[in-house]
Structure formats: C-alpha cells, structure tokens
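S.K.: Got a structure here, written out as structure tokens. Questions coming.
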Amino acid sequence: MADNPVASRSHTEEGTPGPGSWPSPPGPSSIRGDSYTTAPAPIPGTSSSSPRAEEAPPLQPLPPTSRKSSDKTTTNIANAGTLEIPPLPVNNDFSPSSPSDYKLRQTPTATSIGISPLAATETIRPTPTNRQNTNLGRTTSQLNEDEIIRILSRRKTNFSSVAEDHDPETNAEIEALLSSIFGTSRQQGSQEKARHLGVVFKDVVVKGQGLGAALQPTNGDFFLGPLRAVRRLLPGGKKMVGGTDAVRTLIHGFSGCVRPGEMCLVLGRPGSGCSTFLKVIGNQRSGFVEVNGDVTYGGTDHETMRRKYRGEVLYNPEDDLHYATLSVGDTLKFALETRTPSKDSRREGESRKDYVREFLRVVSKLFWIEHTLDTKVGGEIVRGVSGGEKKRVSIAEAMVTKASVQCWDNSTKGLDASTAIEYVESLRTLSNMVNNSTLVALYQAGESLYQLFDKVLLIDEGRCAYFGPTENARAYFEGLGFVCPPRWTTADFLTSVTDRHERQIKQGWEDRVPRNAEELEQAYQQSEIAAATQKDIAEFESAVATQQEERRRQATEKIRARNYAIPFHKQVYACTKRQFLVMVGDPVSLGGKWGGILFQSLIVGSLFYNLPPDSNGVFPRGGILFFTLLFNALLALAELTAAFYSIPILLKHKSFSFYRPSAYAIALFVVDLPLCFIQVFIWNIVVYFMSGLQRTASQFFISLLIVFIITASMYAFFRMIGAFSASLDVATRITGVAIQALIVYTGYLIPPSSMHPWFSWLRWINPIQYGFEALMANEFYNLNIQCVPPMLVPVGPNVDPQYQSCALQGSQPGTTIVRGEDYIQTQFTYSRSHLWRNIGFAIAFWMFFVVMTAVGLELKKPNSGGAAVTVFKRGQAPAVVKKAMEKRDVEVGEKEPVVTGDEHNPEEATVGVARNESVFTWQGVTYTIPVKGGRKTLLDDVSGYVRPGKLTALMGESGAGKTTLLNTLAQRIKFGKVAGDFLVDGRPLPKSFQRATGFAEQQDIHEPTATVREALRFSALLRQPKEVSLEEKYEYVETIIKLLEMEDIAGATVGSQGSGLNQEQRKRLTIGVELASKPALLMFLDEPTSGLDSNAAFNVVRFLRKLADSGQAILCTIHQPSAVLFEHFDDLLLLKSGGRVVYHGPLGNDSHTMIKYFESKGAPRCPKDKNPAEYMLEAIGAGDPNRKGNDWAEVWSNSANHAQRIEEINQLITTRFSQTSENRIDDNREFAMPWGTQVLAVVRRTFVNYWRTPEYTIGKFALHIFTGLFNSFTFYKLANTSIDMQSRFFSIFMTLTISPPLIQQLQPKFLHFRDLFQAREHASKIYHWSAFVIGAILVEIPYSIVAGTLYFVAWYYPIGFPRDSFTVGYTYFLMLLFEFYYVSFGQAIAAFSPNELLASLLVPVFFLFVVAFCGVVVPYASIPKFWRFVYWVSPFKYLVSGYLGALVHDIPVRCARDEFARFPLPPNVANCAEYTASFVQRMGGYVEEEDGVCKFCQYRDGDEFAASFNVSYDYRWRDFGIFWAYIVFNLAVVFFSTWCFLGGWRRIVRVFKRQK
C-alpha cells in the first residue's frame, strides 16, 4: 500500500490582476489547494496495512481542514503500520488520507487534523517536493508530560516556531499525550461520534430594530407627546421623528462554511454587524426581529440544534462572565462536572471523578492557569486573576463543552497584544485538538494573530465584502484596486477598505474601485472566490451526508436529545455545591449580614425587653411577632440585586448546556435552607427570649419553624419577581407596591373585619398573613392575660373586681382575666386550630414561588439585538438623519449613512488650537507603596521630559508601571510615597498644575445625558481662566469640534454603549474635553487606543499627531501598537517591570534610532518587516520572567545615551528658567472659575441629567401614585370608631414605608454624580466637590415637590381626613418635609457608602432602626427606660406626632359594639355615669348604659387617642420645626461624608496623630 495513489495537484499561480483591467481575484484553485483526484484510502481509524483497507470504498472528495497544522506532525499513512505510539484519533469523516507533502505556494489544504488531535499552530511554509516521510516510531519517549505541555502551550505560528526547535519524535510524543486525553479512546463513544461537525450558512438575512438614530427622550415628552401626536394628525403636520419600531436589515445574505478544525476571523468596523453574525451562527437568535436563510451544523438545522443539541453550538460574549467569589479551579470543576460524558464516552474503568481530575489537570496546564486554580476569578469589587488569565478561564470553560461550533465576540478587548496572541493561540490549539469550527471577531488583529486563521470574513455595513481563505484576502483587494500601505497588517488593510476615509486607492483606479458596501458586496459575489466558496459549501455538504449517517447509527435514545450531559438531579446537585462555594467565597458579606442580624436582634430584643404577661404586654407582643416577620422579609429584598447579577452567567451556562435554569432555581432553594435557618435562628434565639415570649419548648420551636418558612418563602418571592422582570428598575417598582401589600394585609395593622372587600382578598394570597396568624395563635392560645390599668375599667379606691372589666377585645363582663384565645379570636378572627393548616399554606406558597422562579428563569432570554443607535437632542440632529427618522422607512434607514461623525478633510489645518510653550521635566522619580513586610518599588529612578510639538510614547510590558508613571507625573497619586523633582520651565509646579494639564483617562467617563457640544462647553467654561469671555470659550469649543471631526454628532448625547456614541467617538470626546480646557502645559493620555478597532485607533493617533504638529506637548501610554501607529510618535520612554527605564529618546525615521540603540547593545537584529514596537519588547524580554540575558535597565543607566539625556534635561531646566523668568505670570488659583460659577454650571448639568432621564422620573412618580392610591383605598372613607382611629394611625405609618424603595431609586443617581467627579473631574480641578453635592440635592427638590403632591392628592382625600384649610395645608407641608427628609436620608447613606450595593443594603438597616423607635411599633409607655432617649431623637417620632396630632384633632370617637368594655352596674349605684365619673375624668373615654350593663369606650375623641401614643396637637409646630432640623442634619451628613470619602478622613487622621 506504500504507493497508494494520492490526490495530485498543479502548482499554477493565478489571480494577478492585469494592469488597467478589472481584477481577476485568485481563483478557486488557489483557495482550495487546486484540483485533486481521489483514490481508495484506508478507513479512518485503521492501519493501511490492514486487510480491511483493501475493501474500503472510495472517500468523498477531500475537503481541506485546518491549514495551520505543522507539517512535521503529519505522517504518511503508508508508514502508520510501524508506529509504536498509541493509535491516533480520527475524529470525523473529513480526515484526509494523504500525506502532508501536498503543499502549494502558500495555500495549505489537507492537514493532519484527523490524524493529530492537536496539530502545531504553525504557519505553513513551502515544503520541498522530495521531502522524505519521517518514521515517527523510531525513538522512545525522551520527554515527560510537563515538558510536552510546555512545548505545546508555546506553539506559535511565526517563524520562530516549535517546529524548528523540536524534532518529529518530540511532536509524536505530544500527539500521543493528547490522544490519551482527547483522542481515540475518548472519541469512540457514541456521544462523540454523534457530534455535529462544521457549520454551513446560506443566504442568511438578519433584521433588527432601530434606525441607527433616535431622539433623546425627556420629561417634557409626558406633556408634549400627546400634543405632538395631535399635531401629526392635522393636515401638514410633521411625521413622527425617532422611535425604535422601524426594522433594519443588519445582515444581508451571507453564505459560506467553516469546516471542522478551521478558524474564521470576522472583521468589520464597530456597528458593521460582526456581533449580529456571530450571535446567529452561535444560535442566539432571540431579540432579532427575524432571521432568514439556512444555518446548518453538520447537516442539522438550527431549530433541532436549539432543542436537542444546544451545547454543541456556543456563543461567547466579549465580557468574561464568571462568579467573582469562585476560584478558577472550582469554576472549571463545575463546568466539567456538568459536562462529564456518559460511561461509553469515557475510558474503560474511568469514573466521573477521574475524568474531571484528568481533564482539569491537562486543561490548566495547556492554558497556563495552573498557578491560578486556587485564586478567585475576581470582579469589580473582589480581587482575582488578571484580565488575560480570566480570558483563558473562559476558553478552558468553552473547551469543556466540546462544542463543535464556537463563536467568540471581540474577546481580546482590554488585553495587550501579547496576551491577545496567547488567547488566539489557545483557540487555535482548541480547534485543532477537538476539531471545532471556530469563528472569532477581533478589532485589532496583528499579523502574527491573523496568520493563525484559515478563513476571514469582512463585513461592511451588514454586507459581505469578502469570505474566503486568509492568505488570498490581501491579493483579492489589491486586485480590486486598493493599496496596502507598507507595514500595515493584513487585518488593518482589510478593515480600512470598508472605511472611505482610510482606504488608499491605486493610481488610475479611482473610478473603478467599489465605493460603498453594496459595490464591495457585488464585486465579491462576481469574483471567483465567491464561486469557490459555493463549491466549498457543496462539497462539504456532500461530505456531511456520511457524518449524518454515522449519527443516525449512533442515535440511541440517550443521545437523541442530549442537550445536557448529566440528568436533572445531578444538575441540581452540581449547582447547589457551586452556590455554597460562591457563598463561602465571600465570607465578609455573609459574616457582615449575620453580624448585622445579631446587632439588630439585640436592639429589638432590648426594645421589647421582658414583656409583661398582662394587658400592657398584649399590643407589643403582637408587635414583636409582626416585626420578626417584617424584618426577615425585608432582608430578603437584597436577593433582588444578587438575582440580576447572576442572570447573565445563568444565560451563558444555559447556552453552554451546563444545566437547566430550573435546576439552578431549585439549587437556590436548597441553599436557602441552611442560610435562612442560621439567619432566623440568630434572630429568634435573641429576640424570643429577650422579649419574654412564652418559654416552652414546643412554642419556641414552632415559632422558629414558622419564621423560617416565611423567610424562605420571601426569598423565593423576591427571586420570582426578579425572574419575571426585564430589569432591576422594573423589579424595584413592583416590589415597592408588593411590600406595602404584604405589610398591610398581614392582619396586624388592619384587623380582617375592617378590610374593604376590594382589597381584603389580598390577605388570602399573602404568605406573611398565614405566618402571622400561626405565630399569634402559637403565642396566645394558652396565655391568660391579667387586665391592669389603663385597660382595667373602672379603676378607683372603692371598686369591686366583680364590677370591673377589661378594655381588651375578647374580655368577659365581671372578670379581669382575658383568655388569649378569646382575644385573638375577637380581635383578629384567629384560631389555634388553624396552626398547622397555616403552616401548610405557607409551605405551599414557598413551593409555588420556587416553581414560578424556575419557570421565569427557563423563559429568560438574552437582551434583544438591534442596531447601535446614535441619540440626538431634539432639534440638533443633522438634516440627513432627520429625514431618515421622519420617513421611518426600512430602506431609508439602511441607505442613509449611520452617523459616524468622521466626515472630514484630513488636510484641514489645526488653526486656532492653543499651543503649549512650557517644558515639563522630571528627574529621579521613585514611587514606593507599603506592602506586607516592607515597601514595594513601582517606579525606580525615572527621568525624562515632554516638549511642545512632540508626541511621546510611554511603553512597556503589562505591569511595567506605565499608568503609574502617568498618574505620578500628573500629580494624581494619593497613596504611597513619591520622591523626585517635577519642574515646569525649571520651576516647581504651580498650584494650577492639575488644571493646566489635560489628562485623558483610559475609561471614557462622561455625563451620559450631555451632548458632545455640552460636554465640551462645560469643560471650556470651568477650566479656561475667568479672564477669557464666555463667547471666546464657546468659539474655541466650535474649533475643537471641527478638529475632532465631530460636527455631525455635536448634538448627539454621549449615552451608553449601543445607545449613544460608539467607542471611537467617546475616545475622541475624552481627548476633546481635555483640549477644550486649553491645557497650558501638556496633555497626558492613558491607553487612547485600548478597545478600539484598528481604524479607530489609527484615527485617534493621527489626531494626536495633528495636535502635536499644532504645538501641543503630548505624553501617551500605548499598548503594543502596529508599526503604522508607532511611526506617528517622535520620542519613546520605555519601561520594564519594576518601573525601570530601558530607553528614553527619539525614535527616528522608521524607528531607526531606537532599533540602532538596541542592536548596538547586543539585541538580535530587527527584520525589515518586523513591527519595531514588538521588536523592542521582545528584545528586552517583556512578559518572560524566566528570560536570561542583559538587564536592559542596567544597560541603559550605564549608556552614553542616558548620560546625554540627563545632560539634556539639566540644560532644558537652565534655559527655560532664564527665558521665562521675566515675563512669566503665575496662575496659582486651584480652580479657573469662582465657586459661584462652578455651582451654577454643575447644578445646570444636573438638572439636564434629570430632565433627560424620564425613566427615573416615571419610576418615582409611579411609585408615589400607586402607593398613595393603595393606601387610600385600603383605608377608604374611615368612620369614627376606635379601630378607625387606629387605622388613621397605621395609614400614616404606611406613608413612612414608601421611603425605602424610593431611597433605593435615588441613591444610584447621587453615586453616579460622585463617581463622575471622583473618576475625572476631581483630579482635573474642574470644580470644587461641594458643587456636585449642591447640584445633587437641589435637583431632587422640584421632583420631590411634584411627587409629594401626587401622593398627597391620591392619599389624603379618599380616606376622609379633615377638609379644613389649616389641617390640609399643615399635612401637605409635612408631606413635602417627608419627601425632603427621605431624599436627604438616602443621600446621607450613599455619601459614606463606597458603592451602590452597600448603600442599598444599609437602607433597611437604618430605616428599621428609625421606625422601631418612633412610637408606632412600641408605644412610648411600653419603651424600656434605657431606650427612651432614642425615642426622643428619632426623626419619625416628630413626623408621626405632627401627622397624628393634626389628623385626629377634635374628631369624636364612637365605639363599635365589640369595642366596648362591659361590666355590671353595682347595685348601690344609680347609673353608670355616676359609677365611673372620677375614672372617666382621670382616664378619658366615655360610658354608656344598656340593660343594667355599663359599656365603656376607651376614647372620647381623637385627641385622647393621640395622647395614648404620647402625641399632642399643641406640639404641632414644635414637631414641624424639629423635623426641619433633621433634614438640615442629614444634609450636613451628606456634605461631611462626601468630604471624608474624597480624602478628608486623611486630614482627620493627621490631626489626631499630631495631638498624640
């Protein structure tokens, strides 16, 4: 069989365009490796010497798979019989039977994917045709597994590849190791054979919502919206502008295929449709209006894949979604446990645990994350692994799924170039090993990265400009007439073709090149490459038929629908285990929560300390039971935030088929059991015994059981709301009303007999009501209540007990003891016989909520996909956009250009931009920070300068201290110790230094509701000196807008990603905001190209070059730029790890000066086509901790260049000092403008923010209206009975309970303003911190007045409160005071909270504390003496006193029949009035007589009722005034806490230290 005929190929070169003719792009032969013929070949998986091979049927035409496999890893199958290594896996029916010697000029084709589970990731080079096949079996293994993994994980595709370092024997050992992990033995199982390999997409059209432009909604739309609608109906009325219900085509008819083992690079500018395409191929179709065309996976349609094999198709978003508190090892173990294949797909005798252990070991070695296995993944708050490591965790997690088709969306965002390469290499390794089809969208792809791919897809405005082999793409576009400038990477060149400003056209071809997306698509469809793609699809589809046949053979019942690898109960178990680990991973939060509960329970327990078993203890006894349920239910509210945090992770795991969402819901239920038990136990053990509830074992444990069930059901209830709500905002609105219903319809605040029929049904669906009845019955059923004054009537010196009675409900005439069961039966209609029924109902509700949570999570869909939208301020959209929005026509929406704001004339001079004159120098800068056991040096003796007109790059590997140096130079370091000299023109830095320099942060932080023009004007107004007139400042802003090339979007709001400016526009705005301040000294920029696509990065750097040419001094950190970008810089300051200088000086033309320096000091020569930025980092060994060789920092400090640089700095200092001494004017003001101007500008911006966020206003107003109406219709038209007096009191109390949800809504607003100030505006000295605090407070006032008015109208009148003008006016003003109080209270909590989460957790704690002592839950008379001082300092005491005093004043009380205390009239007394006269005079109330029985009513009028709560009408103005004082106090706390938070606490510490 050695001379087995193989495919023959021709070696022609095609596709070179003739001069002046329409290009003939490379033909199909150069794409698919030329024509070939097929011949009988061995059956996959058998040796060619096997007799069965002779009878093998002919193979299908040979499709190419990955071209990236090393030729050295392949072997002629003819020699396979002599191999001594284990049989290598053949994964599918596409495995070629030909040797690796078929190599074409540059187009590799058939590879060893089928033979080698992990082929080397190496660029294929032409191979000599007479090359001998290697017998791989001739040596025994020389390497251990660790060495093999190390070699494997370092494979690169550039020419310094592994193939040159290792002989074929080593490669064979690598294959042997990998085949044992991913190879034959694992892939013989029916599960593996039934995989769906390869993806084909034909004529895919995707439509989504949105026109690409919309108008900024405002609060004015409430009122003007209806008027505009009417005007449109009138003849000649304008058509509607804006709105998002227009449909746009996002993807236009894409066709192609990605075979098993191939990688496809998806390129396009942001917004061109890359993410949309990847989502559709990744089978994530929810959110699009419609998706047409065919997408098949190994021949199976998308719907079947979604229903039965979801886990085989994977879409990975650009964010790394993991639980922050879970370790890397646990994250991967969980993924492995949920994707462990069945027994027949594991090796013989291999248990599930063995599989997990082995897979984890190899995967962690392969992706270099071994050392991180015990480290937390980390997130915004939790510290964890680095960004690059987190990406690799995501890849390892995807590898676990063994998905056949994987889509990765812009996953290198935020990674530096070396980490990005490692990341894509990992994907290459993964594709080769498991035979995946991988599609990756990247924004900045270097050449070495580009070479890792087999195919490339270029998208322009949703149209396919090219789909085909990567190596033919450049030639194809050059053939169309485009020019690839020298040193441009292929990916940059391809992306530039789609940008009409960046592309370069061959001379003489100006009229012939495709001009727009449609023409590019047309040119491609007419090309031979498109024809070859169609042929490729057809061939692949015919080859897929065999795969389908194999799947049918393997289609056992088990495999037929294997969305999930493990059964449901095991999914629940895995999720439960993981949730426990997530909890335990954050011990601080858990401990803090339990500590908080213990603290609260001690306070509440002491407030209700040792309740007497007599009538004085009855009301507080019900109060403590109610409070217990209320407190635990409110604690469950925090579950909402956690639920929304975990939903993106859940959706990702669902798409990976790790587990069903319902399994996760049940796991949460299981985790609740111990957590709720601990929470309830801490509370109950303290409160139950401190308050002196009935101390029998049965009653204590029944009470514990009830509170536990109710608490757990509340957790499930809030989770259910989260599962069905679209966002946290919506959920918060629902819970606001839900909490009121839960509290009021428990039966404690309003007895069931007083409930109105329209709402009384709520108590039957309120689990807390069942819990409260059970608790009350459990506590009172065997309690005999001794009646004591003031409940004992009448009381006097000569009163006989048999002629006394009790004012308690349920009392019997002639006895002073009330049975507890009679009391609860009469007062609440509760009975002990209902106890277990109620517990049963509560459990049923709990189970119902759990099931509904599971249903809600199963129905959850990822966010809808649509076009990115630019949002314009009304009246400021460009004419062309207005026209498109008015027509609201799909086609117009497509044809009108999406606004990019880059219509510009590159030749336009930068006239009018302020020039810098000063020179900034720094010498011997060293920065150290305290660490455990000493100090760590982050910067070590750094010297340098920045001159006007020069663009200086600050570079170094990750962690070298680039950003640290930038922050140190900009005087933004608040921690650690900085030493060294910083001079401007040879003088110490002026006070105005931070204001006089521009600092463009890496994060583009802006006020989202401001337009581009407003953002620039704000900066110019507050940062240019007050001597400059406002007109001049605003004129300068227009100059900057022209320079920024943003004229078209000057009226667009900044917004958020996807709805607002895109990333490049944001970056330009960030730079513009700094420029608008006319920086007198220099500009600092931190990573201005990070996260941008290559064209946007080029635009930004070109723009910086323009600025430098106009006289600006610029220092800019940059992450490994392309050669083209690097060429724009004048000087370089290069750092190595430890913050030490390696080079500082000019770059020279083509970086010649810098390269010459390194070569002269012993670095290898720089190849002509090498990117100088990459060369210098490789030369100094960046990123390689094991590198041996020169210490380049040492080399620099000993070099003549260094001495020359120091001499230059000293010379600059001397010259500048003498030149500027005479005419220099010191501007030593910290802020450019006076404080009043700052406050006015900031307040105006804050009001604009509120005006343009109607969702906040709607939320606030809606909550007020709904809760007001709910309150008023709960207590609708109150009469004058004793219980109605109590209802008035509780209606007031209900008004207080609206504040927590409202506070939770307003805190993020305050924190947004503070974060904006802290992140950017504080360090730039734009305005004083007090300005934003004043703005945040003032802006709430008008909205609070409107909201308070809405609540007042909805609440006050339907209840039937007094209508006299004084009471109405007084109550209304109290309502407004309450509004101001909760706003100031919420802001005070936010002011000392570091983030939103903590602020929202502190709200219920503070609120319950304030409410507990205001005299509602525990009347003043029952408060222990120790706590009475808290009663007098509780702000709500004065609010409740003011309300109650006014609202019940002079209202007569008429007791209902069952409210009277009845007692027989003594025989020697004439009538009841006489008998009780002295008692009534002393205690109040009134008495009636009926059939010889006296009936005593506790209150004569409302004032007496108020007096029982220590409230008096006479103190109404005192209460009003004191409540004002609390508002002022809160505002003082806001100011003080903000000052402390922004660094004031350091001053306090310093003062205390001095005093010591």
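Cβ coordinates are placed from backbone N, Cα and C, and glycine is handled just like the others.
Predicted automatically and left uncurated, TrEMBL annotations should be read as such.
Got these off TrEMBL a minute ago, pasting:
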REGION    1-104  region 'Disordered'
COMPBIAS  92-104  compositional bias 'Polar residues'
DOMAIN    231-486  domain 'ABC transporter'
TRANSMEM  624-651  transmembrane segment
TRANSMEM  663-691  transmembrane segment
TRANSMEM  697-718  transmembrane segment
TRANSMEM  730-750  transmembrane segment
TRANSMEM  839-857  transmembrane segment
DOMAIN    914-1163  domain 'ABC transporter'
TRANSMEM  1326-1357  transmembrane segment
TRANSMEM  1369-1390  transmembrane segment
TRANSMEM  1397-1421  transmembrane segment
TRANSMEM  1523-1545  transmembrane segment
S.K.: Is it the case that the transmembrane segment (1369-1390) and the transmembrane segment (730-750) have 3 or more CB pairs under 8 Å, with pairs at least 6 apart in sequence?
M.R.: no
S.K.: Please compute the mean pLDDT of the model over the domain 'ABC transporter' (231-486).
M.R.: 83
S.K.: Same chain, outside the transmembrane segment (730-750) by at least 6, Cβ under 8 Å from its Cβ: which residues?
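M.R.: Hits for the transmembrane segment (730-750): 622-623, 626, 629-630, 633-634, 637, 640, 644, 717-718, 721-722, 759-760, 762-763, 766, 768-769, 772-773, 828, 830, 1259, 1262-1263, 1266-1267, 1270-1271, 1274-1275, 1287, 1290, 1293-1294, 1297-1298, 1300-1302, 1304-1305.
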S.K.: Apart from its near flanks, which chain residues at least 6 from the ends of the transmembrane segment (1523-1545) lie with a Cβ under 8 angstroms of it?
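M.R.: Answer is 974, 1314, 1317-1318, 1322, 1329-1330, 1333, 1337, 1374, 1377, 1380-1381, 1384-1385, 1387-1388, 1391-1392, 1394, 1435, 1438-1439, 1442.
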S.K.: For the transmembrane segment (663-691), give me same-chain residues lying six or more residues beyond its boundaries with a C-beta closer than 8 angstroms to one of its C-beta atoms, as numbers and ranges.
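M.R.: Distant contacts of the transmembrane segment (663-691): 568, 571-572, 575-576, 578-580, 583, 593-594, 597-598, 600-602, 604-606, 608-611, 624, 628, 631-632, 635, 650, 653, 700, 703-704, 707-708, 711-712, 715-716, 719, 723, 850, 853-854, 857.
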